[in-house]
Amino acid sequence: MMEFTLRNDELYCEDVPLAEIAEKIGTPCFVYSTAALLKAYEDLDRAFSGVEHLICFSVKSNGNLAVLSLLSRHGAGMDIVSRGELFRSLKAGVPAERIVYSGVGKTREEIRYALESGILSFNVESLPELEALDREAGLLGKRAPVSLRINPDVESHTHEYTATGKKENKFGIPYAGALQAYAQAAGYRNLEIRGIDTHIGSQITSFEPFIQAFRKIADLFNTLRNKGFDLQFCDIGGGLGIAYRDETPLTAEQYASAVRPILEPLGCRIILEPGRFISGNAGVLLTRVIHFKQTGVRNFAVVDAGMNDLIRPSLYGAYHEILPVHANGGPEVKMDVVGPICESGDWLAKDRQLPKLKEGDLLCVNSAGAYSYTMSSNYNSRPRGAEVLVDGRKYRVVRRAETYDDLIRGEEV
Ligand code: LLP
């Protein structure tokens, strides 16, 4: 969280006091740092310099148009999984030829939209999808660019919900069936086989799972080339973890030095699909204490952000560091930080030592740049807060807070 610092006992994002944003824009709200986004992107870009590569930012981690546009202007492509994410990416000005499309359930309508847009590659996850893609491409008189997403069956040592590279998972084409799938793909007239793809999971903090997976993918790549497949790229997915608490994730440099020796001999373009590594620690969620409640059994800081704003703690038991925006140095007490939603699973933190809080105090929930706004909802009819992008001493609202009219848009009595 390098761009979020304490100055004179007050938290800043770059050169802007977070309290100023909370005051002007309201809470809850998400605040992103331009410098942090660019630093992570550029670290990774630099770590792969000397090998032809394209960093396709994973839109599902943070789909804000301003974020996509910023990264795209610095050369990034996008990794998408739906028509909506493609729509967003194009609206943000991302060139279609820098977009790769993964996902186990692309509908015909989504396939058509992506074919018409002219994306770089469909990361195809099953044989029925190959067939559908061939049919739709034929109807449009186009050839669909294809990579097969191969499931290498490796353990990624992450939360079971975010592991995607084991054979039990729904993702990709089983490793054992890969050659057969390529042979089948080659038989379709309207497909152009361009590459190979894998993605083994998310929030991975050691390099062994990547190495195991990429060795298997590299073997397959070589076998396929020997069989005459003209593979132009190898897409290695995302998955690089970040520090939420005391993890020691890989740096871009460490990751690159572990995987480059496996990938460089392939002599092809490398595509990366990082999401969290770029956006995770580039954002925070600002929230205000509604009141501090003591039940005799536990202490609760009830805040104005809930599981509808940030579902990661409820869904994965995820840890997000929480800091008071104004460090008051007062005595700390153990408390749960909870939202206003009518579920006991609505918590942002449990058993946290924080200064005794009172109504109106501001809290900063760290590491909320990835899978936070994008996973938010209107549960309990709560309008979402704004998204704000900071750049040096300046900041701007890049998505306004929702209004109550937004909440009922499209509904009828
Ligand atoms: N590529 C594909 C095909 C993916 O499915 C994903 C993430 C990524 C790239 C980016 O992964 P990253 O670099 O961000 O790890 N909601 C969960 C994370 C789900 C990730 C899903 N796929 C969370 O909040 O932890």
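The backbone N, Cα and C atoms fix where each Cβ goes, and this holds for glycine too.
Heads up, TrEMBL stuff is auto-annotated, nobody curated it.
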Next on the checklist: Quick check: of TYR371, TYR373, TYR379, TYR395, which does TrEMBL put in the same pyridoxal 5'-phosphate site as GLY239, GLU273, PRO274, GLY275, ARG276?
Outcome noted: TYR371
Checklist entry - Rounded to the nearest angstrom, how far is the Cα of GLU273 (pyridoxal 5'-phosphate binding site) from the Cα of GLU343 (substrate binding site)? => result 35
Checklist entry - Checking the recorded positions GLY239, GLU273, GLY275, CYS342: which ones have Cβ within under 6 Å of ligand 1? => result GLY239, GLU273, GLY275
Item to check | Close in space, distant in sequence - TYR371 (pyridoxal 5'-phosphate binding site), Cβ under 8 Å, 6 or more apart | outcome: LYS60, SER61, GLY275, ARG276, GLY280, ARG312
Item to check | Collapsed DSSP category at ARG312 (substrate binding site) | outcome: helix
Item to check | Among GLY239, GLU273, PRO274, CYS342, which are recorded as recorded positions, the nearest neighbour of TYR316 (substrate binding site) by Cα | outcome: GLY239
Checklist outcome for this item: Rounded Cα distance in angstrom between GLU273 (pyridoxal 5'-phosphate binding site) and CYS342 (active site, proton donor) is 36
